[in-house]
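Visitor: Straight out of TrEMBL:
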type	residues	note
SIGNAL	1-21	signal peptide
DISULFID	C64-C406	disulfide bond
DISULFID	C272-C286	disulfide bond
Amino acid sequence: MFSGWLVAALGLTMTRRSCSSLSVPDIAAYFGTKTRYEEVNPHLLRDVLTVNASVLRPPATERCVPVHLTAVIRHGSRYPTVKNIRRIQRLSELVRREASGSPGGSGGSGGAAGAADWLQDVQSRWEMWYTEDMDGQLVLKGREDLRQLAARLSLLFPSLLTEENEMSISLRSSSKHRCVSSAEAFQEGLQLHWRHSDVQYRHLVDDKLMRFFERCRGYVEGVEKNRTALLEVHKFKHGPEMERVKRKVAGRLGLHQHHLTADLVEAAFFLCSYELSIKSLHSSWCFLFDEDDAKVLEYKSDLKQYWKRFHGYMISSLSSCPLFHHIFRTLDKAGRPRRSTDAPPEPASILIGHAETLLPLLSLLGLYKDQTPPTADNYHTQHGRSFRSGLIVPYAANLLFVLYDCQRGPRLQLLVNESPVRFPGLETEDAPLYRDVRAAYRHLLDGCDFQRECEGTSVGGRGPNIEL
Ligand SMILES: *[C@@H]1O[C@H](CO)[C@@H](O)[C@H](O)[C@H]1NC(C)=O
Ligand SMILES: *[C@@H]1O[C@H](CO)[C@@H](O)[C@H](O)[C@H]1NC(C)=O
């Protein structure tokens, strides 16, 4: 519980941001899972509390009312993890020691006035300010991400996320520090919206639900710890596209190419992303990359997410069965016919986790499945792919299940990052009848057994998922 002064302090950060003069690197939408939520919804840069109720689209003729919201939410902006902090350290030492700049070499992005000093800036003015104890923790901007999301969802669902409903809204979080902090921030956002003077936290930590991936042996052994399973990523990392980016970056820094590894190039790219997402800063490190370089580095991250967490292997999506069943059990209960004397349904279920939580679930639901999987060799035909991790799982990414009570029965709508997304196989409607959604996922509702899929040795569960 907090006293009033803190709420007042939090209130300050909730004020609407006015038009910002910040210049944003033109590569900011290519940061994969390190992308800011604002790149996906740029209107939030003008007003963080913008909501457009027209995203809720039950049939106008059926007089529907929302009766339940399940929101699966990724934590907000965070510090780099130790692994990346060490890489950034190595990079900054190397650049300080060895870089000389290319003769007349200008930066990648921008290049013109204002960018001229970028090399001197990264070499002598930029200070290594990341320390290992920051290890992946939520940053202040990340708290704001979640507070603001909570406020927008309250505006979008004024009958569900209400003060009267407070005690019947369930909140669960992964045990990781950045998620627990995000769960707190979400509650701050709700309670500030309700103008509470004290903030009270009442979330539960539930790793079985939100960190299922680390408990699924078939997944951990078959994919996560299996170098063969991520072959495409390793091939691309040392393939011609990445080599070209490495050459260009080495040239811009005036470094011998063999001093620079793919990991260090990536560290510089991430550094640009961190300075933007943490400090809202257009860092000089960003000038090392042009848009073509950024697309290649984005593809490298997407390959990793695809083969490690997404449609690449069935077992990755199946590891999310416990979360899938939890969500549908909640929806079943909320959609059940009730007598007026029955207790009202749970208005909302807020589930806070990771990109690693959302991706397998989205994949299990059959979303963002392109005809041709991304591989090390087909970069040039993948420009129009639907799987771009930065658009799907940026910081504070969210998957919303909205259940409506309608004349013909309950209906369900999906939103990803506050935009409508249609169920595969039910593409004619934004909010199909709930019973049709259940029929479409019948095989999962009747199966998708975590024990069997994750501990069992059933063939097929681990193989590449090549059926379309
Ligand atoms: C809301 O979104 C709809 C499209 O979904 C658009 O036509 C409309 O202009 C938007 N309204 C506002 C106020 O932005
Ligand atoms: C590792 O992945 C490869 C490729 O999917 C697969 O053939 C192999 O069986 C996996 N190894 C283990 C130990 O699961």
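Count begins at 1; order follows the chain as displayed.
Cβ coordinates come from backbone N, Cα and C, glycine included.
Could you place the listed features in the three-dimensional structure?
Guide: Cβ neighbours of C64 (disulfide bond) (same chain, under 8 Å, six or more residues apart in sequence): P58, Y404, D405, C406, Q407, R411, A431.
A 10 Å cutoff on Cβ-Cβ distances gives C272 (disulfide bond) a total of 25 other Cβ atoms nearby, all chains included.
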Visitor: Looking only at Cβ atoms, how many others are within 10 Å of the one on C406 (disulfide bond)?
Guide: 19
Visitor: Reduced to three states, what secondary structure does DSSP give C272 (disulfide bond)?
Guide: helix
